[in-house]
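Pulled the feature table from TrEMBL, pasting it below:
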TRANSMEM  A:15-41  transmembrane segment
TRANSMEM  A:48-66  transmembrane segment
TRANSMEM  A:72-91  transmembrane segment
TRANSMEM  A:100-121  transmembrane segment
TRANSMEM  A:148-167  transmembrane segment
TRANSMEM  A:195-219  transmembrane segment
TRANSMEM  A:225-242  transmembrane segment
TRANSMEM  A:272-291  transmembrane segment
Amino acid sequence: MAFFDIPLPVFMGQLLIGLINGAFYAVLSLGLALIFGLLNIVNFAHGALYMVGAFVAFLLLDIAGIGYWPALLLAPVIVGLFGIVIERLLLRPLAELDHLYGLLLTFGLALLLEGAFRHFYGVSGERYAIPDALQGVFNLGFMFLPVYRAWVIVASLIVCIATWLLIEKTRLGATMRAAVENADLVRAFGVNVPLLVTVTYGFGVALAAFAGVLAAPIYSVNPLMGSNIIIVVFAIVVIGGLGSIKGAIVSGFLLGVCEGLTRVFWPEASNIVIFVVMAIVLIVRPAGLFGKAA
Amino acid sequence: MTESLLSVEGLEAWYDESHILHGMNFTVGKGEIVTLLGRNGAGKTTTMRSIMGLVRKRTGSVRFGAVETIGLSANQIARAGIAFCPEERGIFSSLTVKENLMLPPVVAEGGMSVERVYELFPILKARGASQGTKLSGGEQQMLAIARILRTGAHLLLLDEPTEGLAPVIVEQIGQIIEKLKEEGFTILLVEQNFRFAEAVGDRHHIVEHGQVIDSFERHEVEANREKITGYLGV
């Protein structure tokens, strides 16, 4: 069986890789979108915090013997708390200044984190084993699907949908959306918006750390893993529409798949296809696919 | 005058380097409707925003009941029991009508129940699932007032609630404000529309260059009409 002269297993294999990459893109761009919405900061440290998430999982296992499942919860909590400290100590004093300062600060933070982990762990990467329960493959007939990769897609989808529901369907979410529009007025209703901002930053980077733990068994745990992925994720956030939650999730998965399919039909172009899409979207719909025109 | 609920003394405020308020002095008695009148740029809205804690650089004294609020943040001031209905209504476009209505947290006991709010503003129930900014201007104004009635706050700051609305809607807003007064709310009202202000207000303060330059009780308005219209340039 073949599809456009491409053997089906090859086609489906790339589609699957695309979906998995898309799952990481979606969770990462979701956090970026949340942070951008409420703090108005393009969080350049996001990729580094994704890397830190993976390293926390690795270190939990290496030092304390704490395995994958607790790490899936613990690493985001630890990195989220770290994010809260970053927000309170470093980003809060910049809140009144031009956005550029926040961007520069988080960029510097990314370099620092990356540099520190490179210093201690080099660039060859550390192995993190797939947990026993997720070993093995599903035989789909036309291809073999590793169980862990299926789990990554499912777990990402669950986290994305849960976050979307939190933002769109709860009272807390309504308060967050209102604070994105007019933070002063929400404060004047008695809501502690600075606290909301801090928690949002912590939650956004916790999502990055969650993606990092999911990624650890697939890619090696590597100090550079964040900077490799983050530029693509920025492009996806722009395509989805800066600050749009739905846009971040949908374009994350969509562009992962788009990248995977390009690899089937024109492998050389697969590394740039997302940026080509970004350029086209910026020309045709400058506010992004799901963004509101300014 | 009844016991004062809000007392503003020597209030000064700045936006960046611009000095906007130069020592505002006035009081609002419990259960009163007090208006701030004046031309554009006189400092009425800045006064509201300063009372609410939304102007960062401010000095002087704003006492609400027994609480000095000049050093508090906006969310603390709101929690003390002051509610704010801003100029241009401040309806959130990313929230539904219902979400807009339910947004302000309850800060004290004794606020209106949602049922009672719907009784006063039936349109809000009918349009609950619409996007907030899809309502007409008048409906948005109703929503902006309605949402601060649930919170239990007793002092309402209303910044130009009649701005840009048709006369028939202005009349409805007037009836609502009268009703709120009957229910015991205290209201500080900023208005450009003097006819509206004199219909609902117990006392009027004329604001110019960031100060209160004259004040009139309701019964003094008739005798001073020419003076007042002179102040307001109408």
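Every residue, even glycine, has its Cβ placed from backbone N, Cα and C.
Give me the structural setting of these features: burial, nearby parts and distances.
Using a Cβ-Cβ cut-off under 8 Å and counting only residues 6 or more beyond its ends in the same chain, the transmembrane segment (A:72-91) has close neighbours at 39, 41, 45, 49, 52-54, 56-57, 60, 66, 102, 105-106, 109, 197-199, 201-210, 212-214.
Long-range contacts of the transmembrane segment (A:100-121) within its own chain (CB-CB distance under 8 A, at least 6 residues past either end) are made by residues 39-49, 51-52, 55, 86, 90-91, 94, 223-224, 226-227, 230.
Residues 16, 19-20, 23-24, 26-27, 30, 34, 130, 134-135, 138, 173, 176-177, 207, 210-211, 214, 217-218, 245-246, 249, 252 of the same chain lie 6+ residues outside the transmembrane segment (A:148-167) yet bring a C-beta within less than 8 angstroms of a C-beta in it.
Same-chain residues lying 6+ beyond the ends of the transmembrane segment (A:225-242) with a Cβ under 8 Å from its Cβ atoms: 24-25, 28-29, 32-33, 36, 42, 44, 46-52, 54, 110, 114, 125, 212, 215, 219, 248-252, 255, 274-275, 277-278, 281-282, 287-292.
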Do at least three C-beta pairs under 8 angstroms join the transmembrane segment (A:15-41) to the transmembrane segment (A:272-291), pairs 6 or more apart in sequence?
no
